[in-house]
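Q: Structure in structure tokens, see below.
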Amino acid sequence: MIRVDGRTTDQLRDVTIERGWQEHAEGSALISAGRTRVLCAASVTEGVPRWRKGSGLGWVTAEYSMLPRATHTRNDRESVRGRIGGRTHEISRLIGRSLRAAIDLKALGENTIAIDCDVLLADGGTRTAAITGAYVALADACRWLGRPAAIVTSVCAVSVGVVGGVPMLDLAYTEDSTADTDMNVVRTGAGGFVEVQGTAEGTPFERSTLDELLDLAVAGCTRLTEIQNAALAAPPAAGPPAPERAGAGSGSGGKGTGSR
């Protein structure tokens with residue numbers, strides 16, 4: 001079956017990840033998945049939330065938002081509405097959980113990395129693109145901090161679904177909006193599942209359909225991991241000055257520049 005954009009059912013959209021999009025961020029990446037574009041920026045601060053102080057563990061958190069005209073019609077900023085919507089909270093927590101699956105919080109030390117994921121253009125799969133791009137920003141932030149070993153595996157995500165009775169990989173908006181079943185799968189580069197979110201919009205799906213969707217997702221995540229690795233293997237983009245450390249290669253970094 002050929003889809004509306006010419007892809008086969010098991011084909012990802014064209015995906016690119018460009019590092020260093022925000023020169024002030026310790027790590028940043030712009031991910032494009034078809035027409036969907038998400039800017040991910042990782043900010044490092046010394047210290048951890050009050051409830052984690054003295055534990056020797058770091059913290060990774062995430063915030064997700066969408067520009068007012070990322071969609072077909074304008075949406076007010078949530079700051080103007082005076083409250084954060086439930087969908088935004090849900091996606092922010094999903095991104096944070098997914099990234100923490102990729103990191104050794106003890107190796108991070110008592111430092112916090114906050115990842116801001118801003119959707120510039122939405123054409124389906126914004127949360128999965130955010131996770132995939134945010135990992136690259138996180139990895140660069142750990143390098144900047146002098147703690148690259150804190151990254152223990154990669155993590156990425158992709159959507160799958162059933163459209164017109166046919167299982168498909170990486171749904172665009174027109175497919176997602178008419179899907180019989182919609183699912184988001186988060187997977188590590190080591191092969192573990194972090195999260196599987198699936199919903200039947202109408203008729204319940206069979207176990208065989210679930211297995212087929214997971215197979216599509218695994219193949220898609222394998223390809224996304226390759227794209228992440230290729231992006232991180234490229235020469236690093238210019239960023240803020242690295243923090244001063246006690247000794248080169250000691251991995252004892254963790255203090256910000258004090259000017260941020």
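Every residue gets a Cβ built from N, Cα and C, even glycine.
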Q: Figure out which of Arg74, Arg77, Arg87 sits with Gly125, Thr126, Arg127 in the phosphate site per Swiss-Prot.
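A: Within the candidate list, Swiss-Prot flags Arg87.
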Q: With a radius of 8 angstroms around the mean position of the C-beta atoms of Arg87, Gly125, Thr126, Arg127, what other residues of the same chain does the phosphate site pick up?
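A: Along the chain, the qualifying residues are Tyr64, Ile91, Val119, Ala122, Thr128, Ala129, Ala130, Asn184.
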Q: Translate the DSSP assignment of Thr126 (phosphate binding site) into the three-state scheme.
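A: The three-state answer is helix.
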Q: Go through Arg87, Arg127, the listed binding-site residues, and name the one with the sparsest Cβ surroundings, counting other Cβ atoms within 10 Å.
A: Arg87
